[in-house]
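J.: Pulled the feature table from Swiss-Prot, pasting it below:
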BINDING   C64, C68, H154  Cu cation binding site
DOMAIN    26-191  domain 'Thioredoxin'
LIPID     C19  N-palmitoyl cysteine
LIPID     C19  S-diacylglycerol cysteine
SIGNAL    1-18  signal peptide
Amino acid sequence: MKVIKGLTAGLIFLFLCACGGQQIKDPLNYEVEPFTFQNQDGKNVSLESLKGEVWLADFIFTNCETICPPMTAHMTDLQKKLKAENIDVRIISFSVDPENDKPKQLKKFAANYPLSFDNWDFLTGYSQSEIEEFALKSFKAIVKKPEGEDQVIHQSSFYLVGPDGKVLKDYNGVENTPYDDIISDVKSASTLK
């Protein structure tokens, strides 16, 4: 009788683990601040409009001479890999140079990459101080445009945001981007919907 109870308990445990999917290991759980910004087509994108969706975020700018081109290339590769696996995820690129990055400029920048706007929005429509504060509060990310400079200091991470608007993980977006880990975590986050 004890053996049957033990086996039953073990089977129930295995069943629950299999049904629950994988968990995000050590989630960051940063709360994304409410926002409403403009995308490359001049349309509003907000935290509210992303509610219930899993999304990836990064910080870039169109005049970037260093890390933004490889970051955008890697995010483009990631977009293709996610689409190949039929994984539903949005991509949000926040401009860290909003004074220069108007919607038209963002669209022109994106045209340099074989990406799709189907699920990718490049955002602007805020002041420099607003994006610096938003990045710090929401993503614990530093964004700073030194006075008199045309380059902006910013994080090079990709961020996974869950359907509840919390940042779950961050990943290197420049070197050795962990595509398989990101895809696995996106799948896990999708079970939280």
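Each Cβ is built from the backbone N, Cα and C atoms, and glycine gets one as well.
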J.: Which one of these binding-site residues, C64, C68, has the sparsest Cβ neighbourhood, judged by other Cβ atoms within 10 angstroms?
T.: C64
J.: Mean pLDDT for the domain 'Thioredoxin' (26-191), rounded to an integer?
T.: 97
J.: Under 8 Å between C-beta atoms and at least six apart in sequence, can you list the same-chain neighbours of H154 (Cu cation binding site), or say none if there are none?
T.: F59, I60, F61, V96, A135, A141, I142, V143, K144
